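Okay, so here's the structure we're looking at.
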Amino acid sequence: MIVRSQIIGCGSYLPSRLVTNAELAAQVDTSDEWIVERSGIRQRHIAAEGETTSDLATNAALRALEAAGISGSAVDLVIVATATPDNTFPATATKVQSRIGMRHGFAFDVQAVCSGFVYALSVADNFIKSGQVQTALVIGAETFSRILDWTDRTTCVLFGDGAGAVVLRASRGKGSSADRGILSTHLHSDGSHYDLLYVDGGPSSTQTVGHVHMEGREVFRHAVINLAAVVGEALAANDLKASDIDWVVPHQANRRIIEGTAKKLGFPLDKMVMTVERHANTSAASIPLALTEAVGDGRIKPGQLVLLEAMGGGFTWGSALVRM
């Protein structure tokens, strides 16, 4: 018998304000057709004035806890994956910890940009497998609207705000791919490409927040190659084939990246959970947002095999294989 980290509840939160491509076309030199053709995005949610990453994270967390049927006091660990924290410190996770009524255990943030949720899931899984934690709350939450240059049509049209969360609980497994829970996680990074996707600000460099900068074509090329490799790694580690996977929940960066990865790996598009059209790229929040939607509408069912994959600035990339 071995310890597995089982997902027992999912939750998400999207700000109420919707911004369509038509609205952006009135502000910058772009059009609905241009945005849809290059990204597949038609709209995005934007946080209200005064609405912070911790607000989004807390709302998603409370919904995940409700779905799991537990209170915040039962949680031993909170990890928030974010590149847009409320403050330089303390960690956004500590704010969530307080707001959900968790008085023991520990909380911290993970920063791996768009790969952040997969990284955070892997960290929580290892804490559970080590026996230090029984129940963990893993959240991806972002307010990327706060770090966008709204005059730069190459970036401002691509991102949105939101949060998603899952509750993990220790369970017993037999050590096979039939076990429910996280079967494996696979993480990578390559800092030599940091200048292809970055924010030009920070406390120690400019003492400013800065804005997102991206070399889109280069990011696309690396994304398809790296994501295909890390998905293949997850399949090989569990002695599985692409046809064994019930659903793929990819990072929702761009429809073309999702389609390119699916084609390279031989996944039919109807196995790919896609929300990018309505949510845009919500960075670390995108996977748990999409996962929660697919669980909520009944597409993803208990016992099914789900593959999560993401790539972000750094570069960072990773995958997680989960039996729901």
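Along the chain as shown, residues are numbered 1 onward.
Cβ atoms here come from the backbone N, Cα and C positions, even for glycine.
Looking at 27-31, 37-41, 97-101, 252-256, the stretch flagged in Swiss-Prot as region 'ACP-binding' turns out to be 252-256.
Put simply, C114 (active site) is 7 Å from H251 (active site) when counted between their Cα atoms. Shown in sequence order, H251, A253, N281, S283, A284, S286, A310, M311, G312, G313, T316 are the residues of the chain, 6+ apart in sequence, with a C-beta less than 8 angstroms from the C-beta of C114 (active site).
Within 10 Å of the C-beta of H251 (active site) we count 33 further C-beta atoms, all protein chains included. Of all the Cβ atoms in the protein chains shown, 24 others lie within 10 Å of the Cβ of N281 (active site). According to its DSSP assignment, H251 (active site) is coil.
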